[in-house]
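Colleague: There's a structure below that I have some questions on.
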Amino acid sequence: MWGTLGAGRFAKRGGAVFGEGGRYNSIDDFRGLAVFLMFNANFVVVFAADPPLLVNHARPEGFLPLDLVAPLFGFAIGLCLPLTLARARARTGGAGDGERVLSRVARRAALLFLIGYVPDFWYGYAAAASLWENAARTWGILETWALAYVLAFLLCHLRLDLRLVAALALALFYQLFLLPLPAVAEAVRSLVEGGPAAVLSWSVIIVAGTICGELLYRAPRQVFLEWGLRMGLVLTSLGLLVHFLVAPLDRILVTASYTLFGAGVAALVFVWFEFRRPAWGAFFRRAGQYPLTAWVLQALVYGPVVLTVGFGHFAWPLAGLMALAAAVALLVLTPVAQRAGLRLKV
């Protein structure tokens, strides 16, 4: 079955549940949950001096539960890429199709990169780093997703099974041929999210998202569920296999085992969202509609903390309560900001 399915076989259909403006509720709910978990993961680090490992992430001690938050967010970015391409082509009616699609992808990738880079640079500069040193060492998750977004767009020209194989090959190339190089390994350790080199590993998450997104948009619902479940199980199993045979799950080194496992878990979670369509998902929907708006609002938390007490000032469990309260507050503020005109999306 994997070898015979391709995007060209499917016509647009209406099996999903749509919300306002023809949006996919399952995508918005899933992405909103990822945003809320991201808030909690980030704010625990902001407020807590020594948080428990269970609620921490990206630690050298090994793989932690909240290390799965980044794959959920990246998978959600991939889900929307096929819809973005389809809408861009529909607006042209075939005229200037390639130019409009390229322009849209480039604009969204640039927006992702800048929304990540500018505040990351400012936080580092506020911490008294020199201008040029800080510029060279600034890197974060949105910058990573921006480059992976472009790479996933290039792979979207392949049929679904070949697209997944290509993404797996890139992740394994990074693991087997780049990470063993001392200079690359040192750069990956020193830069947040592994820097540009680790994009090859991260990209498998967005590519897996594009496959689910394309099937959701074009295929019968049963095909989407079968493919999504199969892909999730295969990627999760491959991640565990690489973990035991090659390199362990490691968020800091962005090992292939980590990104494969994360992509598989994200696929399974999204299939569950689309299959069950939980009513409580609506609580996260507004944040999921414009996740970059929610991301920008984090400055309301980061800014005051950086300029006053600094990161990691409070003891647990007070810090945990502060992190949760800040996450809920931003979840509430996100639709307010949207109504005020701050609508950033990718």
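Glycine is no exception: its Cβ is also placed from the backbone N, Cα and C atoms.
Unlike curated records, TrEMBL annotations are generated automatically.
When I checked TrEMBL for this same protein, it listed these features:
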type	residues	note
DOMAIN	23-221	domain 'Heparan-alpha-glucosaminide N-acetyltransferase catalytic'
TRANSMEM	30-49	transmembrane segment
TRANSMEM	69-88	transmembrane segment
TRANSMEM	109-132	transmembrane segment
TRANSMEM	138-158	transmembrane segment
TRANSMEM	165-185	transmembrane segment
TRANSMEM	197-217	transmembrane segment
TRANSMEM	229-246	transmembrane segment
TRANSMEM	252-273	transmembrane segment
TRANSMEM	294-312	transmembrane segment
TRANSMEM	318-337	transmembrane segment
Colleague: In the same chain, which residue numbers or ranges, 6 or more beyond the ends of the transmembrane segment (229-246), come under 8 angstroms Cβ to Cβ?
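Modeller: Counting only partners 6 or more residues beyond its ends, the transmembrane segment (229-246) has Cβ contacts under 8 Å with 1-2, 164, 168, 172, 175-176, 204, 208, 211-212, 255-268, 271.
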Colleague: I need to check the long-range neighbours of the transmembrane segment (197-217): which residues 6 or more away from its ends have a CB within less than 8 Å of a CB in the stretch?
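Modeller: Hits for the transmembrane segment (197-217): 7, 10, 12, 16, 24, 26-27, 71, 74-83, 86, 144-145, 147-149, 151-152, 155-156, 160, 163-164, 166-168, 170-171, 173-175, 178, 184, 187-188, 223-224, 227-228, 231, 235, 253-256, 258-260, 262-264, 266-267, 270-271, 274.
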Colleague: Between the stretches 30-49, 69-88, 138-158, 294-312, which one has more Cβ pairs under 8 Å with the transmembrane segment (165-185) than any other?
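Modeller: Looking only at 30-49, 69-88, 138-158, 294-312, the most contacts with the transmembrane segment (165-185) come from 138-158.
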Colleague: Return yes if the transmembrane segment (30-49) and the transmembrane segment (294-312) have at least 3 CB pairs under 8 Å (sequence gap of 6 or more), otherwise no.
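Modeller: Contact between the transmembrane segment (294-312) and the transmembrane segment (30-49): present, because at least 3 Cβ pairs are under 8 Å.
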